[in-house]
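Please read the structure below before turning to the comments.
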Amino acid sequence: MEQPNLSYIQSMSGGNEEFEQKLIGIIKKEFPLEKQEYRGNISAGNYKLAASNVHKLKHKISILGLERSYEVAVNYEDSLIEHKTDGQEDFEAILQIMTDFLKTL
Amino acid sequence: MNCIIIDDEATARAIIAQLCTNIPELNVLEEFPNAIQAIKYLNQNEVDLIFLDIHMPDFTGFDFIETLKNPPKIVLTTSDPNFAIQAFEYDCIVDYLVKPIGLERFSKAIDKAKAVKSPTKTKAASDKVETSSGNDLYVNIDRRLIKIDIPSIYLVEAKGDYIHVKTEDKNYTVHSTLKKIEEKLPDSLFLKVHRSYIINVDKIIDIEDNSVLIKKDVIPVSRSNRPELMKRLNLL
C-alpha cells in the first residue's frame, strides 16, 4: 500500500519550515476529530453525514500525497451517498496509515 | 486586493492563507470557518476577493453566494470537481480551484481575478438583517437565514440584545438591534415611534393619545416621534 509523504506540504511552503510545522500541527489536531466524527456517523448509520466527513478527509489524504487512496476515498464517498458501505475497509486502512504517519511527525 | 477565506476546514484555511503570502497584492483580512460568520463580516466590511469552499455543513458556498446582493470576485476552492459547471452560472466566480491547491495554479487564479473587472464592491451581505430584493428581509436564526416578506411585518420591538419581528403569520426573535433593522426597512412603510418600537404605518388600526394600536399590540409613541407619525397620516 502507498505511504504518506510531505511532498505537497513542502512544495507549497516555499521552504518555510515554520509554516510546515504549523500546518502539520493543524492536521494532527484536526484529523483525529474528523476521523472520530466519521466513525460516529458510520456507527449511527448516518451515511450522508459520513459521506461529508469522507469528503473533508479526502483533502488531508491528498495533502499527504496518497493519490491512489484519494481515488478509493472518492468512490467510498459516492457509495455512502447511495447509502452503501462499499469500500469501508479500504478507507479504514487509509485512515490507519495516516494515523501512523502523523504519529511520526 | 483585500480578501477573506471561508472554509470549514482549518487545514484548508491555513494552506490558502500561506499561498496568499506568495502574492504581494493579496491582503488576507480574515478567515472564517463558516459562511454565516462571513456574512456578518461582509455586512460591515468591503472585500475585493473571497476564497470560498463549496462543501460546508448547513450553508454551502453556493448558498452563501445567493445571499450576496453585489458579490465581489470569488475563487471557489473545493475537493469536488463536479461543481464546475454550476460555478459558471455565477458571474462573480472568477476561478475554480480543486484541492489540494498548488502555488502555480493558485497564481493563475489570482491573475484571472486581477484581469476581471471588479464588480460593484459589496459592503452588505445578508447579515441578520439585509434585503436581498425589494420585498425580502433575511434574518439569522439558529444559523439559518430565514426570509421574511417586508410588507407583512407590522411591528419590530427591541428587547435587550434581541429584536422581536412580528409579521402577519409568524413572529421571529433575532439577535440584532433596532438601529440595524431600521436601516433595512423602507421609510415609506415603517416609522420608529419609540426607542424600542418600529411600526408599519399601513397596519395602524387607531391612534389614541400617545399610543397606536397595531393588530392587538398597543405601542407607545414618544413625544419626539409623534409629529413625524402625524405627518404620515392621511388626516381628514
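Placed from the backbone N, Cα and C atoms, the Cβ positions cover glycine too.
Where the annotation comes from TrEMBL, it is an automatic prediction and has not been curated.
Sequence annotations record features per position, and here TrEMBL assigns domain 'Response regulatory' to B:2-114.
For the recorded site, B:D53 (4-aspartylphosphate), the DSSP three-state label reads strand. If you look up TrEMBL, you'll see B:D53 marked as 4-aspartylphosphate.
Look at TrEMBL and you will find B:137-235 tagged as domain 'HTH LytTR-type'. Per-class residue totals from DSSP over the domain 'HTH LytTR-type' (B:137-235), listed helix then strand then coil: 20 helix, 50 strand, 29 coil.
In sequence order, B:I6, B:D7, B:D8, B:E9, B:A12, B:G61, B:L76, B:T77, B:T78 are the residues near B:D53 (4-aspartylphosphate), counting only same-chain partners six or more apart with C-beta under 8 A. Here the domain 'Response regulatory' (B:2-114) has, by DSSP, the following mix of helix, strand and coil residues: 45 helix, 28 strand, 40 coil.
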